[in-house]
Amino acid sequence: MTNQNLETNLETILNRALQGYDLSPAETLLLLSPTTKPNLGKLALTELPAEITAIQKTADQLRQQQVGDTVTYVINRNINFTNICEQHCSFCAFRRDDGKTGAFWLDINQILAKANDAVQRGATEICMQGGLNLQAKVAGKSLPYYLQLVREIKNEFSHLHLHAFSPQEVQFIAREDGVSYEYVIAALRDAGVHSMPGTAAEVLDDAVRRIICPEKIDTGTWLEIVGTAHRLGMPTTSTMLCGHIETPKQQILHLERLRSLQQTAIEKDYPARITEFILLPFVGQEAPAPLRRRVGHDQPILLDVLLLTAVSRIFLGNWIINHQPSWVKIGLDGAKEALKWGCNDIGGTLMEEHITTMAGAIGGTFMEVKNLQEAITSLGRNYQQRDTLYKYL
C-alpha cells in the first residue's frame with residue numbers, strides 16, 4: 001500500500017469513527033498495521049508520524065464526545081490476600097508454592113487491618129484478589145472460605161465497595177466445590193461482593209493463552225463467567241495484557257470479544273455491564289526467563305501502549321466509555337500521557353500492589369490523591385473523585 005493510499009484509508013476510517021460508527025476488526029487492524037507503526041519505541045512523542053498523530057487526535061476527540069473532559073479517580077486499596085497458587089503462568093513473578101521463600105497468606109485479622117487503614121485514608125473501594133490456594137477452604141470447601149472473607153469485611157466496613165475475585169477465581173471455586181459458576185457468583189454477590197475485576201483475561205485468544213497461561217481458563221470460559229456476572233447483576237471491569245507475544249490481529253480479536261460481550265449485556269437488558277477497560281502492558285523485569293527472552297524487553301514500550309490505548313478507545317468507545325491506563329505499569333507520566341490518547345480515568349490510589357510490582361514495574365505501589373489530581377490539572381483538565389461504578393462523589 002502506498003503512503004497516499006494509506007493516508008486516504010486512514011482518513012476514511014477515522015472519519016467513520018468520529019461520525020459514531022463502530023469500526024470493523026479489519027478497519028481497526030489497519031490502525032495497528034506495520035505501515036502506521038514504524039518502530040515506535042525509538043520515536044519521541046514530539047516526532048510522531050502524521051498517521052499516528054491522526055489516530056491520537058481521533059481517540060482524544062472521541063473521548064471528549066463520549067465522556068467529556070473531566071478526569072476521574074477512585075480512592076481504593078488493593079489487597080492480595082495470598083500468592084500461593086497452583087498455576088504457573090509464564091509472565092507471573094507473583095505466585096509462590098506453599099512453604100517456599102516469599103509465600104504469604106494473610107489471615108482475616110491482617111486483611112481487616114489493611115481494610116481499616118484504607119478506610120482511615122478515605123478509601124471507598126477494596127479490590128481483593130489472590131492466588132489459587134488449594135488450602136483456602138472451610139470444612140473442605142472453597143466457597144465458604146471466600147464468603148467468610150467477604151462477610152468479615154462487610155461486617156466491619158459495610159459502606160466499602162468490594163471489587164473482588166476474578167473470573168479465574170470463580171472457576172477455581174466452582175471446580176473445587178463441584179458447583180456452577182452461577183452458584184458461586186450469586187453467593188458472592190449475596191454476601192457483599194459488588195463487582196468483579198475483569199482480570200485473568202490476558203489475551204482472549206486461546207493460541208496465546210496456550211503459551212503464556214496454559215493452566216488458566218480458556219477464552220470461552222472467561223467470557224461465560226463475565227457474561228453470567230452481568231446477567232446476575234454484578235458489574236465487571238475488562239482488561240487486556242498487551243505487549244508480549246500477541247499480534248495486532250489478536251489484540252483486535254480481544255477487543256472485538258469485549259465489545260460483543262458488552263453488546264450482549266445491553267441488548268438482553270442485563271442488570272449489569274462492563275464499567276471500564278484497562279490496558280495492562282506486560283512487565284517482564286522479574287518474570288520467568290523464557291518469556292522474557294521471547295518478548296525481548298522488560299518494560300513496556302510507551303508509544304506502543306499509547307497507540308493501542310487510542311485504538312481501544314476508537315473501537316470500544318461507543319460501548320465501553322470509561323478507559324483507564326495503569327500508572328503502576330507505565331508510571332504516572334505515562335498515565336498522564338494516556339489521558340491525551342483516549343483515557344478519561346487515571347485509576348486509583350491502590351495503597352499497595354504486589355502482582356505488577358513483583359514483576360519489576362516502575363510505577364510504585366501507592367499514589368497520593370494529590371499526585372493524581374496534580375497530574376490531571378497539569379493537562380488543563382478538571383478532576384473528580386468517583387466510586388467503583390463511576391458515580392461522582
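Cβ from N, Cα, C; glycine included.
Residues annotated as domain 'Radical SAM core' in Swiss-Prot, with sequence analysis given as evidence: 71-318. Annotation comment: Swiss-Prot describes C85, C89, C92 as [4Fe-4S] cluster binding site.
C85 ([4Fe-4S] cluster binding site) has a Cβ environment of 21 other Cβ atoms inside 10 Å. Across the residues of the domain 'Radical SAM core' (71-318), the predicted structure has a mean pLDDT of 91. Of all the Cβ atoms in the protein chains shown, 22 others lie within 10 Å of the Cβ of C89 ([4Fe-4S] cluster binding site).
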